[in-house]
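Down below is the structure, laid out as structure tokens.
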Amino acid sequence: MDAGARYMRLTGKENWVEVTMDGEKERKREGFTAGQQGKYNPQVSKNIGNRNTNDCFAYKGIFLWRISLTMWILLGINMCVSAEDYITLISDPYGFSPIKNVSGVPVTCVTKEFAKWGCQPLGAYPDPEIEYRNVSQEVVKEVYQENWPWNTYHWPLWQMENVRYWLKENMQENQQRKNNTKEGIEELLAGTIRGRFCVPYPFALLKCTKWCWYTAAINNESGKAGKIKINCTEARAVSCTEDMPLASIQRAYWDEKDRESMAFMNIKACDSNLRCQKRPGGCMEGYPIPVGAEIIPESMKYLRGAKSQYGGIKDKNGELKLPLTLRVWVKLANVSEWVNGTPPDWQDRINGSKGINGTLWGELNSMHHLGFALSQNGKWCNYTGEIKLGQETFQYHYKPNWNCTGNWTQYPVWQVIRNLDMVEHMTGECVQRPQRHNITVGNGTITGNCSTTNWDGCNCSRSGNYLYNSSEGGLLLILCRQNSTLTRILGTNTNWTTMWGIYKNCSGCENATLDNTGEGTLGGVANKNCSLPHKNESNKWTCAPRQRDGKTDSLYIAGGKKFWTRIKAQFSCESNIGQLDGMLHQQILLQKYQVIKVRAYTYGVIEMPENYAKTRIINRKKRELSHKRKKRGVGLVIMLVIMAIVAAAGASLGVANAIQQSYTKAAVQTLANATAAQQDVLEATYAMVQHVAKGVRILEARVARVEAITDRIMLYQELDCWHYHQYCITSTKTEVAKYINWTRFKDNCTWQQWERGLQGYDTNLTILLKESAAMTQLAEEQARRIPEVWESLKDVFDWSGWFSWLKYIPIIVVGLLGCILIRAVICVCQPLVEIYRTLSTPTYQRVTVIMETRADVAGENQDFGDGLEESDNSETSERVTVQKAWSRAWELWQNSPWKEPWKRGLLRLLVLPLTMGIWINGWLGEHHKNKKRKGGLETWHKKGTDIGLGQIPVDHLWCYKKSKSL
């Protein structure tokens, strides 16, 4: 084999040889054409040699590129956000729902000696200071809309009714006592029996721990704040209230244990930029009982009485029969500046009046406290022989064990303020209202932009009560004190022209004016009968006050709709100290609580992205990879084949799973509805049990009464005083009433009413049970449908055929893997076969040898031989042995153009077969060469005989060209 050809095939480089003799130049001069360079044309083209000749890898790369593109498209489609419904146990958005009608909420008290007072033991409910759950500000704002409402709780009313009923039942027995009080009653009446109010699950109490007030619904005509709302910013859920007296009769001051709770009720304004904040007294502080609140509801109207005993807490008629028409503030009184039990400047009041600094005070000389009259300075206390409870007064012997001569100003005291003008956002000060004849026209004394909603833009230069045209239309009454201090602005929509026309129609006022004559401190008109017009009792316009028995009626003025009416209230505020009993004390303290119904969890349907969890796993795996690795195409093909098989086998299973999941979600949702219906049944059953227990307690009380009467009759019979006297005196005591008073169920005190109520509960419970049973049955049916759907789906798709086909999957997989393995082996062995063919195939090359000979002068006829003898002899002497063949094969492997390690490793395996091939080819080539030599000699001799060597300048010979490497 030609080594030069082998080298060119392995390296792609050209290897050619030009053999030229010395006589070539002379031949050119004689016109001979020079010999052309013998340029070698390789058997394999350069274009193919410059690239990979393995077609297998090229086609495989194209195939894998197309599959990768398809997979990326499918992956992009799957990465789109798509949601899937999940039915799960989710938390309620708020966790609770507010209860507006608190009268139907079951409640019990917790205290010591619970059996004695009809309460539960202290451990029955958790301590609210330890067990509570904070509620976020966003949830409280969303539920209550920054409006913490007023609630008239029935629990304090029930307690007051119990004490009231006991007093009436034992009145005759109490009259027989002179110097002692019935055992245990003294503590109850004095409010020393303390406890908590608790509600059972699923109810709870939402306790506000931080709040403030703000104004709403401001009237542009009068400037009044129609509503003052309370914004609770922090709250917590508890089961019980704080510790408070269970009951108490009317009292002036309370225990130190209640100071903190009472101080919390002094609510401050939310806005620090209100005008009242800049005034000396600041803004109003306290709890605002709203307009329209009912202190005693209609269901307990028998407790209202005739006249209100709570001071400023009253309706427009001074009673409690109607809702409140004015806002009432209740706060912990600040008595630090009081002197001898009286407010500041009390000694400067006029003619012994009860009004000072714009406030009309209630009774301060002798305050009622637990049946005693207390002096202002605490130097004396007198027993009145009667106690006040609610709106009633009882003649009851009561001897407390406290020192009534102490200074009561050291203890916490409730102060009630009834605000008539309701302009708390403008000023917290109260004023004395002017009479109508003191209202004049302010000629140049008022400047600025004045209105009922803008007091800061108005200025006055002289004390008085001046009419002024509002910048928004209508009339204003501006009260100016101390020549520059604006204390009040009252307004009306009636303009000056309308008012002046009414004024001129008054009798004797045709030529009168409202100019200030300067009489008195604040001035006034010249003729009192021509004062600012108003409507009298007959709803007719008049300018003169009413005259009776030589006395002139005092006419005052107010803002808004009452600007033209007859007003008798001289002061804008009414205030009193004390005069509250345990019921109202509890009612005020309970306003920091709202009754809620807890619903911690419920069933619901939520939407979650389908690839949510998968995306997180993929992202986590990508982060864990520090280097990108090159994936093998064979592995990807295997993965795609397996995925295709699994997809084909699981396509129908996916359809079945989707349908099954749909029915499952519907079944679970129906089950959730059935659970809610069963919850309603439990609540109705609980209410019915309460009703039954109520009847049992009523029956217990009646049986106890009958037993007491029977006991008394038997006692009379034993004493032999039957029918002889109308009364019987005995030293034997019969203790009765060791039971709880249940008369708060007055509307159901008869058996007929109780049975009607029980029948109503039974009907409601029956309906709820039917609904619950229907919902439960529907849930069971939908749950049973799930396997039926599965069976029907198998029948439609002929699952037996699909599953019988699955048994061929292993054979198919093994066959595919075998084909892939065989193809890979072929692709690896193909270049080895090509290399071996290149190295083992002999290649022949035609070489033209140009030889220039001289003329034979000495001996033409001499025979020097054929010129090949020496060469042939040398050729014959060089035999190809196995060692030479191994050396040549190893040298070829060392000089191979492939430098990559894996290619050189593959070529190393070809050294042994190449050695055998060289040795065999050498042995066969020697035999072939001997045959060619014999034939060449015969031809040479023949040509030499016919033509003659001297006549042939150039001889053409065939020979083997041997490379230096061989």
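Note: Cβ is positioned from N, Cα and C throughout, glycine not excepted.
Under the heading N-linked glycosylation site, Swiss-Prot lists N220, N231, N351, N382, N403, N438, N443, N459, N469, N495, N511, N529 (among others), citing sequence analysis as support. Sequence annotations record features per position, and here Swiss-Prot assigns coiled coil to 665-715, 756-791 based on sequence analysis. According to Swiss-Prot, the feature region 'Immunosuppression' maps to 699-715. What Swiss-Prot lists as transmembrane segment is 802-822.
Structural mapping of features recorded in Swiss-Prot.
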| residue | record | CB count, 10 Å |
| --- | --- | --- |
| N220 | N-linked glycosylation site | 16 |
| N231 | N-linked glycosylation site | 19 |
| N351 | N-linked glycosylation site | 4 |
| N382 | N-linked glycosylation site | 11 |
| N438 | N-linked glycosylation site | 22 |
| N443 | N-linked glycosylation site | 10 |
| N459 | N-linked glycosylation site | 15 |
| N469 | N-linked glycosylation site | 13 |
| N495 | N-linked glycosylation site | 13 |
| N529 | N-linked glycosylation site | 17 |
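Between the alpha carbons (Cα) of N459 (N-linked glycosylation site) and N443 (N-linked glycosylation site) lies a span of roughly 13 Å. Its own atom aside, the Cβ of N511 (N-linked glycosylation site) has 7 Cβ atoms within 10 angstroms in the protein chains shown. Nearest by CA distance to N220 (N-linked glycosylation site), out of the glycosylation sites N351, N495, N529, is N495. When the Cα atoms are compared, N231 (N-linked glycosylation site) and N469 (N-linked glycosylation site) turn out to be 36 Å apart. For the pair N351 (N-linked glycosylation site) and N511 (N-linked glycosylation site), the Cα-Cα distance reads 37 Å.
Looking at N529 (N-linked glycosylation site) and N382 (N-linked glycosylation site), their Cα atoms lie 49 Å from each other. A straight line from the CA of N511 (N-linked glycosylation site) to the CA of N438 (N-linked glycosylation site) spans 18 Å. Counting only the Cα atoms, the space from N382 (N-linked glycosylation site) to N438 (N-linked glycosylation site) is about 44 angstrom.
N495 (N-linked glycosylation site) falls within neither a helix nor a strand when secondary structure is assigned with DSSP, and so counts as coil.
N231 (N-linked glycosylation site) falls within a strand segment according to DSSP. Straight-line distance linking the Cα atoms of N438 (N-linked glycosylation site) and N469 (N-linked glycosylation site), rounded to a whole number, equals 18 Å.
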